[in-house]
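For reference, the structure discussed in these notes is given below.
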Amino acid sequence: MNIDWVALGTVFGVSVAVTVGLVGLFTVGIVALSRQEGAAATGNSVLAARTGAVACFGLCLAAVTYGIYLIVA
Amino acid sequence: MEHITLLIAIVIATALVFDFTNGFHDTANAMATTISTGAMKPKAAVAMSAVLNLVGAFLSVEVAKTISGGIIDEGAGVRPEVIFAGLVGAIVWNMLTWLLGLPSSSSHALFGGLIGATLVSVGADGVNGDKVMMKILIPAVAAPIVAGVAAALATWLTYRLGRGLDDRTASKGYRAGQITSAALVSLAHGTNDAQKTMGVITLVLITGGTLGPGSGPPLWVIVSAGLAISLGTYLGGWRIIRTMGKGLTDIQPPQGFAAQTGAAAVILSSSHLGFALSTTQVCSGAVLGSGVGRKGAAVSWGTAGRMAVAWGLTLPAAGGVAAAAALLADQGNAGVTAVALLGAAACSSIWVASRRKPVHADNVNDVEPAATVSTVTTASLADTPVLAAGAPVGITVTGAANAAVLHPPTDPAPAPAATA
């Protein structure tokens, strides 16, 4: 019997990296969104926080799109 | 010919029944955390999952050439009777684990049923032992570990990064994230599991000579399989949703998000890197991991242990029922009829048993947090007439223990609403 350790290891590595990466990215996006609201309330510039939030959520959206592509393909 | 046509019609109907049980058995995978954290209302969650399952059934045209991925040698004389017996074994085990609220893998039940029936009807030559190891046993051990580690790390990270977030923004954000990742899991489930039933029906049509060898599923097969699994999903396996959403650990929105994202990532990456892992085990592992990853979260290892026992029993139990069914079904028309009647009787009695403590959309979340409900009482033994369904004796212990988890004495009086 032949256990494909390489495939198993790859699945482990990729799964953990993608999960942690996406969850981290999304959380940073939420934090940025929260900062933007805080900045708006105090009258400071919201540009940096907004750019950060858009970038984070954009990357997450790209990952979801790729996921749908994987399901369909 | 008349006989073959009727038999094939019976097998197709049985395959659709299996597909239906597959639907309500696996609703929890995509939706349990979404429902228990309140990100979506229970009915809305199962409706979304059902629609995505239906869409998923139509999405992919890459139908499995073999129903079992090479576990069964389909050329070695697998007849419609064998597939019928295998399906009956899978259905009975799915019903039983649903009654006990245990998330066990529907695919493993199907494989177990087919293996059991093949062993009896065709012999050991018909089963590929190496493939059983590679495609079922090793993934079964690996899935919860991979998903658990991923979800635990992600949970830790999201709590760490999200310190000091104001509640309103955080809950809005996590809600959107949970719904998105649950939607992905539902879609992937529709493409995978609905396809399995399509594969079974197509294989039966080919063995019966209705379709030429190597044909793809006709449109009516795709439509009926898609509808059966979505209908099952919409009915909602509330008993299993309660176990996964509330029974393993007390899940908060960030944990639900981390678990669900981990499940989606593991399912998609594993199926595309050539080491497919069972959705059910991935999702249960992810929920457990999210409990481990949050400081101060109580994890009910007792419930997790009972789930693990159910996973271990799925293959032999579904196989055992299917083997008995195959013995009967091999006796000709009367045998097939007897199997059909016995299977229907087993399912009905399980359903009747479930009515004694119904779990439905309105009470699915009404349960004590995980840590306090794991007390086992012997009184609940009376609630689990599982032997009637032909299960191995060992399961009654598990059943009694789990019934105590699912139905703590504090359970409010259930309303007689539609349940599943």
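Backbone N, Cα and C define each Cβ position, glycine as well.
Remember, TrEMBL labels are computer predictions, not curated facts.
Annotated features in TrEMBL:
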type: TRANSMEM; residues: B:43-61; note: transmembrane segment
type: TRANSMEM; residues: B:82-101; note: transmembrane segment
type: TRANSMEM; residues: B:107-124; note: transmembrane segment
type: TRANSMEM; residues: B:136-159; note: transmembrane segment
type: TRANSMEM; residues: B:219-238; note: transmembrane segment
type: TRANSMEM; residues: B:308-328; note: transmembrane segment
type: TRANSMEM; residues: B:334-353; note: transmembrane segment
Criterion met for the transmembrane segment (B:308-328) and the transmembrane segment (B:334-353) (at least three Cβ pairs under 8 Å): yes
Do at least three C-beta pairs under 8 angstroms join the transmembrane segment (B:219-238) to the transmembrane segment (B:107-124), pairs 6 or more apart in sequence? no
Out of B:43-61, B:136-159, B:334-353, which stretch touches the transmembrane segment (B:82-101) the most, going by CB pairs under 8 Å? B:334-353
Give the nonlocal contacts of the transmembrane segment (B:136-159) in its own chain as ranges (CB under 8 Å, at least six residues past its ends). 71, 105, 108, 111, 254-255, 257-259, 261-263, 265-266, 270, 275-278, 281-290, 292-295, 311, 315
